[in-house]
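For reference, the structure discussed in these notes is given below.
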Amino acid sequence: MSKIEQKNQSEVIKLAIDLMSRASVTPEDAGCQKLMAQRLAQLGFTNESMIFADTTNLWSRRDSTNATKEDDLVFCFAGHTDVVPAGNLELWNTPPFEPTIIDGMLYGRGAADMKGSLAAMIVATERFVQDHPDHHGSITYLITSDEEGPFINGTTKVIDTLEARNEKITYCIVGEPSSTHAVGDIVKNGRRGSISAEVDIKGKQGHVAYPDHVRNPIHLAMPALTELSQVQWDNGNDYFPATSFQLSNINAGTGATNVVPGHINALFNLRYSTELTDQIIVEQVESILDKHQLDYDIKWTFNGKPFITEHVESEHGFLNAVSQAILSVTGTETQLSTSGGTSDGRFIAPTGAQVIELGPCNATIHQVNESVSCDDLEKLVDIYYHCLVNVLCTHKTIS
């Protein structure tokens, strides 16, 4: 895209291009947060950079000048500046870190996940503060460069810092690409919990011709793994489908056909609803392994607990405020969903915050030729703007 063409673009497209031009492959930030902080500082935000190990985080806050009970409200935009690697550059039609507009679509790594959302948040906030400088409550930003990586030094560390200071978030919009066919058609009002395990089941190695001298760990493991795959963990509920157990890796053997291996290693994951806890899952899995009298070691990884922001039958509910914002911009009713993977919302929700995810369409995320509709980004600015208005310009505390 030429400089002349860039000058003709709207504010949200220009900012998205600026952010996308920075190769912030996780955990790098590549100056994205500095750019955002500069824009926010001009609006009266106080910026705090929180650096943990290799991760850069930004906590930015603008407080109300009013002294009313509504000013206890803290509205947060949350997101990440890091992106996944571009992969094979030969498969891209355009360079992944040279944003290009073709037929109304903005192409480049991070277009949908989630630098387009970050640009829309900033532009919406600029417009809102200009129109409503005396708004109620506080507007905050929680931005990390460690969402696509191991999620160790990112949002979770920022939340720990805020909790230690008793600094709370009331309502949070995570800008993950939640939409499916059109911007705003899907809002994620929760996510399933995720728990993973690596189990190493021991046997006795030996020659296949002498079965009396071996204990085949593959034979020993398969009945237990089969039983785990057939467990009806729960029936789900109004917000979540039934819990899912999936084996993702099984490894055993030396590569020789005449050697019984000494152990088998299996990886599995459960995506679970609010009907279960991680402790219940651990106990049930290990009881099944014990029932089959296996000699095993198991390592658990707790990726995040399930969370839900429930719909409240009130015109002042947070979900209603978001839904009305979408309706006013797109003319369509949004649908609520808890499907898909995890997000950093799982670290924010346990503090008591009401958390939703709202962003552009997700059809091309993590793929080559990732893209986002320019028109959708314009609409997303309007949606975020109306969310701010609906939450911070009412004189009634929303539920």
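Including glycine, each Cβ sits where the backbone N, Cα and C put it.
Among HIS80, HIS136, HIS207, only HIS80 appears in Swiss-Prot as part of the Zn(2+) 1 site alongside ASP113, GLU176. When Swiss-Prot records ASP113, HIS366 as binding Zn(2+) 2, the matching candidate from GLU148, GLU163, GLU333 it lists for that site is GLU148. The shortest Cα-Cα distance from HIS366 (Zn(2+) 2 binding site) to any of the recorded positions (HIS80, ASP82, ASP113, GLU147) is found for ASP113. In the three-state DSSP reading, HIS366 (Zn(2+) 2 binding site) counts as coil. Take the CB of ASP82 (active site) and look out to 10 A: across all protein chains shown you find 26 other CB atoms. In three-state terms derived from DSSP, GLU147 (active site, proton acceptor) belongs to neither a helical nor a strand segment and is classed as coil. The residues near the Zn(2+) 2 site, meaning same-chain residues not in ASP113, GLU148, HIS366 whose C-beta sits within 8 angstroms of the mean position of the site's C-beta atoms, are VAL83, VAL84, GLY110, MET114, ILE365, in sequence order.
Between the listed recorded positions, namely ASP113, GLU147, GLU148, GLU176, the fewest other CB atoms within 10 angstroms of a CB are found at GLU148.
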